[in-house]
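What TrEMBL annotates here:
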type   : residues : note
DOMAIN : 46-157   : domain 'Methyltransferase'
Amino acid sequence: MNREGQSAIKNHFDRLYKQGITPWKNHPPSSLLIRFFALLKASAAKARLLDLGCGDGWLTIEAARVSIAAWGIDASETAIERAEKSAKSTGIASKTKFAAGDALDLPYEDNFFDGMIDRGLFHHILTENRQLYFDNILRVLKKDALVYLAVFSENNPEGIGQRFTGKDIAALFGRYFRIIQTEKDKLPTTAPAHLLHLILKKTQ
Ligand SMILES: C[S@@+](CC[C@H](N)C(=O)[O-])C[C@H]1O[C@@H](n2cnc3c(N)ncnc32)[C@H](O)[C@@H]1O
């Protein structure tokens, strides 16, 4: 595992949160996310959702708003403090549970979650650490769990983070997940990033 490189990325995000710089929040939510919530609710009566790399918890809270019990985890303590505060102020804290922690060392029981959101984390997992990412999520997700994944597309400007085509994601996630739906942000875009969105279903 490349611990040093991964820690540098975590520190980078924590610094941004401390400075109040969160450009990824200016990215309009994809219609696929709404579909994902509906599919998740239909798939299990009391679905448990993990928001991996949840940041300040805005999507975790959105899930709780549509009555999904949602757990959010993020490496940035600053972001998690904000998430807890927002959940309290929106009055749905009882439906959310936040923790500061590492996606590569998840503190949850095996087969615990029916669904997972990864919006903007996977493209920051270094290639040498990818298998550890998969080992962690595969352990905590139930068979047939649904995943909403949003990653930088090949049209994203070059910068921090990796870029993926649909074929790349099929090759990486296809060993463990079936792709249910894919959508790309429209071009041209005024959003700060260009994302590829997918709904996936765990096959094992
Ligand atoms: C682009 S932001 C996306 C945040 C959130 N998902 C959203 O859409 O607003 C990426 C997030 O991943 C978190 N992160 C980076 N490395 C992480 C790790 N190893 N474990 C958990 N979270 C991590 C960062 O702190 C940051 O909040």
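Even glycines carry a Cβ here, placed using N, Cα and C.
Because TrEMBL annotations are produced automatically, they should be read as predictions rather than curated entries.
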For the domain 'Methyltransferase' (46-157), what does DSSP give as the number of helix, strand and coil residues?
42 helix, 36 strand, 34 coil
For the domain 'Methyltransferase' (46-157), what's the model's average pLDDT?
97
